[in-house]
């Protein structure tokens, strides 16, 4: 049976490639998705790669993943620092959860230093650009034996 991985992306990540490229790089979210799809195929994973600017939609996808996925990779974006709802939804999931950030949030503004997600995540990757998604997928594959 094929295992499913959810990669969830929060607000403004749909603007990757054009929004603050000096911080987030020139790759688009579609570029990152294509890279992740290729990697997932190699590990035999089915991929649900999703983005929303809306907190409730992200919570709905997390709840869906609870019963259908082997792991979640999430870039909560700005919701990292504000969303107890996303944190609570993730904490109800009994699977590996990886928090990914394109930039090093700890080298940026002070309000970005706190994450509601980090305490319940299996691992946190920040500052590696899109390679953070690759690293999270490789670790997930190792953890679930894919």
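Residue numbering: from 1, along the chain as shown.
Backbone N, Cα and C atoms are what each Cβ position is placed from, and that goes for glycine too.
In sequence order, 12 constitute the residues six or more apart from residue 19 (site 'Transition state stabilizer') in its chain with CB-CB distances below 8 Å. Under DSSP, residue 19 (site 'Transition state stabilizer') is assigned to coil, being neither helix nor strand in the three-state scheme. If you look up Swiss-Prot, you'll see 19 marked as site 'Transition state stabilizer'.
Swiss-Prot lists 24 with the feature active site, proton acceptor, giving sequence analysis as the kind of evidence. Less than 8 angstroms from the CB of residue 24 (active site, proton acceptor) sit 16, 102, 103, 129, each of them six or more residues away in the same chain.
Annotated substrate binding site per Swiss-Prot: 75, 81, 88, 102, 103, 112, in sequence order. The secondary structure of residue 102 (substrate binding site), as reduced to three states from DSSP, is coil rather than helix or strand.
Non-local contacts of residue 101 (active site, proton donor) by the CB criterion (under 8 A, 6+ apart in sequence, same chain) comprise 75, 80, 124, 125, 126, 127, 132. Per Swiss-Prot, active site, proton donor is recorded for 101.
Between the binding-site residues 75, 81, 88, 102, 103, the minimum number of other C-beta atoms within 10 Å of a residue's C-beta occurs at 88.
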